[in-house]
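Taken from Swiss-Prot, the feature NADP(+) binding site applies to 10-11, 31-32, Lys38, Lys53, 75-79, Asn92, Lys143, Val175, Lys183. Residues or ranges marked as active site, proton acceptor by Swiss-Prot on the basis of sequence analysis: Tyr139, Lys183. Under the heading substrate binding site, Swiss-Prot lists Asn174, Ser185, His192, Phe206, Glu207, Gly208, Ser209, Arg214, Tyr277, citing sequence analysis as support.
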Amino acid sequence: MIIVTGGAGMIGSNIVKSLNNKGFNDILVVDNLKDGKKFKNLVDLDITDYMDKEDFITQIMAGDDFGPIEAIFHEGACSATTEWDGKYIMMNNYEYSKELLHFCIEREIPFLYASSAATYGETDTFIEERAYEGALNVYGYSKQQFDNYVRRLWADAEEHNETLSQITGFRYFNVYGPREQHKGSMASVAFHLNNQMNAGDNPKLFEGSDEFKRDFVYVGDVAAVNLWFLENGVSGIYNCGTGRAEPFRAVAEAVIKHHGKGEVETIPFPEHLKGAYQEFTQADLTKLRAAGCDVEFKSVADGVAEYMAMINK
């Protein structure tokens, strides 16, 4: 069995879909379906069982037997960069992750987890090293601190000549693609611009967006990276992005091209995002490629075109 936490979410459900495509369906999805709309991400997936995230962690902490587990993909988290309840974020993203990590280490179960490019903050160097990290929001900090916790475990194991089972973290950059319709304000720019155009409006970008560039990565490619690392058993913390920074306007132009009409309009930059907003991200893929991962990443033009074709059927 493979367990996918956050399996009803965007990245988690795409990982499940990719596993299904490879013929694997002995999958336990763990999530919180309080927002019942997320069920739509599971309807076309072939899984063995579903469990609420609180029931799951209770059983994990009790050391319950789940039977043979081939791997755990830990994608579950509060991913809202606008959430400032630090106690909630640290309990949900940090403490929960630690419990699950130690469960896996004790049983030598491969543990592949979601980190984030939000760990880097305001920098122009995106290398998986402590010197380049400086989260701008509490979500980013929760991910940064868990990465540091994992690093400490590796250092302790090395000091005692021990080898830990596989632990792999992925610093996701700006992920977009199918199965994100439940995310509300945290859905991708492509998703929001498409909704605007379907409502008969022009696509709207924040003022100053011509200066903002992000590494926009297609969720299908993200899922492929996760499966590559499981199949190859490689540990480490790795950037998961295209290695290219593209302007928000490139996303808007790809959406406009699909619809065959429209022009970009600008709206004021939100006050609540000032000082907590990454204006530039670009994954350094040196470490990912050195590990042997050869997954090719779609450009914004190609990825958004594929995405638009899927959600505008």
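Placement of Cβ uses the backbone N, Cα and C atoms for every residue, glycine included.
These figures come from a predicted structure and were not determined experimentally.
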Ranking the binding-site residues Asp31, Glu75, Glu207 by other Cβ atoms within 10 Å, which is at the bottom?
Glu207
One finds that other Cβ atoms within 10 Å of the Cβ of Ser209 (substrate binding site) number exactly 20
Spatial separation of Asn174 (substrate binding site) from Tyr139 (active site, proton acceptor) - C-alpha basis, Å
15
Taking only the Cα atoms, work out how far Lys38 (NADP(+) binding site) lies from Asn174 (substrate binding site), in Å, as a whole number.
20
When the number of other CB atoms within 10 A of each residue's CB is tallied over all shown chains, which of the binding-site residues Met10, Ala77 has the maximum?
Met10
When DSSP is mapped onto helix/strand/coil, what comes out for Ala77 (NADP(+) binding site)?
coil
Between Asp31 (NADP(+) binding site) and Asn174 (substrate binding site), what C-alpha distance do you get in Å?
22
